[in-house]
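A.B. asks: Before I ask anything, here is the structure I am working with.
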């Protein structure tokens with residue numbers, strides 16, 4: 001199935017049902033009080049994370065989704081039926097962004113997690129709601145409010161602990177094949193990898209972490225060169241980045257210049273992503289003699305002014321890959337728990353929050369909801385006439 005990691009859809013929640021104006025009319029009760037019921041709330045639109053999905057391709061073909069409208073209220077204090085909610089299934093790792101405001105509504109990072117993206121319209125009020133000591137026969141009602149409409153950008157961000165970063169043909173796909181059972185395509189030409197790949201690494205029995213391989217970056221990717229930077233978003237949730245460098249590029253380019261170009265593209269895309277822990281990994285060490293290898297590594301590190309972790313490996317022969325995987329796992333385990341370190345989600349405001357409270361306060365500050373329909377009688381308000389001879 002084609003990998004689609006971004007889609008734009010329009011969602012509309014259901015409108016609320018309108019209230020009803022009605023009066024109780026039964027045998028022996030000709031002048032009953034108001035009994036108009038409220039309308040039903042409109043259905044809302046939710047996103048739910050589904051483990052069986054791994055692409056947003058379904059939302060490329062159908063882009064408009066409408067929840068059910070609430071029914072109108074009826075007499076005898078019958079409340080209208082609420083509209084059914086609409087649930088849209090998306091892959092785990094999906095982020096919902098409001099296109100009009102650029103507000104992030106939420107991230108679905110766990111199976112079964114549910115996110116409200118469009119709130120249904122509130123029900124209208126029946127005339128029963130407006131009775132009071134001074135208004136015994138109200139003929140007021142309110143209409144249901146409109147359901148929210150949002151244009152959403154759905155972004156699928158892969159959930160991985162380790163992200164691979166580097167130029168095309170640096171050996172990223174070969175490395176992920178060496179340490180996991182993932183089988184991305186490997187060939188001796190640039191941009192062999194066209195979509196992100198995930199692999200589960202088991203460095204020791206009972207231990208595992210997830211690694212993500214994305215298409216290679218080149219200088220000018222932020223301006224659209226190569227495959228651009230659209231796949232960098234898949235590294236946003238990674239806890240550590242492996243910057244893989246080809247120590248002996250076949251085109252004779254400078255590894256140090258390649259490393260600087262990658263860092264520059266990272267900073268253009270997201271300073272937060274560029275600030276993540278990053279390890280420098282020299283690949284294809286089997287192409288050099290041991291003495292020459294160390295000299296080359298020291299020279300590149302000095303040219304870059306690099307002060308972080310430095311590792312060497314040969315992904316093709318798997319030399320050094322197992323040790324690197326074990327160190328990665330130990331480093332990930334030493335990091336604080338993400339749930340504890342994460343900032344609490346911002347409150348998302350929806351259109352009709354607290355709508356009726358203000359409406360009732362304005363229209364009827366002395367609202368009394370006691371059930372006194374049987375005591376209502378127009379005769380209470382007649383003028384008493386006394387006949388005299």
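Keep in mind that glycine also has a Cβ here, set from the backbone N, Cα and C atoms.
This is the feature table in Swiss-Prot:
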DOMAIN    1-159  domain 'Obg'
DOMAIN    160-333  domain 'OBG-type G'
BINDING   166-173, 191-195, 213-216, 283-286, 314-316  GTP binding site
BINDING   173, 193  Mg(2+) binding site
A.B. asks: Calculate the distance in Å between the alpha carbons (Cα) of residue 314 (GTP binding site) and residue 173 (Mg(2+) binding site), and round it to a whole number.
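C.D. replies: Cα of residue 314 (GTP binding site) to Cα of residue 173 (Mg(2+) binding site) measures 12 Å after rounding.
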A.B. asks: Cβ neighbours within 10 Å, counted over all protein chains: which one of the binding-site residues 172, 284 has the most?
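C.D. replies: The most densely surrounded of these binding-site residues is 172.
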A.B. asks: On average, what pLDDT score does this prediction assign to the domain 'OBG-type G' (160-333)?
C.D. replies: 81
A.B. asks: How far is it from residue 284 (GTP binding site) to residue 173 (Mg(2+) binding site), counting Cα to Cα, in Å?
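C.D. replies: Cα of residue 284 (GTP binding site) to Cα of residue 173 (Mg(2+) binding site) measures 13 Å after rounding.
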A.B. asks: Using Cα coordinates, what distance in whole Å links residue 195 (GTP binding site) and residue 173 (Mg(2+) binding site)?
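C.D. replies: Cα to Cα, residue 195 (GTP binding site) and residue 173 (Mg(2+) binding site) are separated by 11 Å.
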A.B. asks: Rounded to an integer, what is the Cα-Cα distance in Å between residue 166 (GTP binding site) and residue 173 (Mg(2+) binding site)?
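C.D. replies: It is 11 Å, counting Cα to Cα.
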A.B. asks: For residue 172 (GTP binding site), name the DSSP secondary structure in the helix/strand/coil scheme.
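C.D. replies: Going by the DSSP assignment, residue 172 (GTP binding site) falls within a helical segment, counted as helix.
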A.B. asks: Distance between residue 173 (Mg(2+) binding site) and residue 215 (GTP binding site) at the Cα atoms, whole Å?
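C.D. replies: So the alpha carbons of residue 173 (Mg(2+) binding site) and residue 215 (GTP binding site) sit roughly 9 Å from each other.
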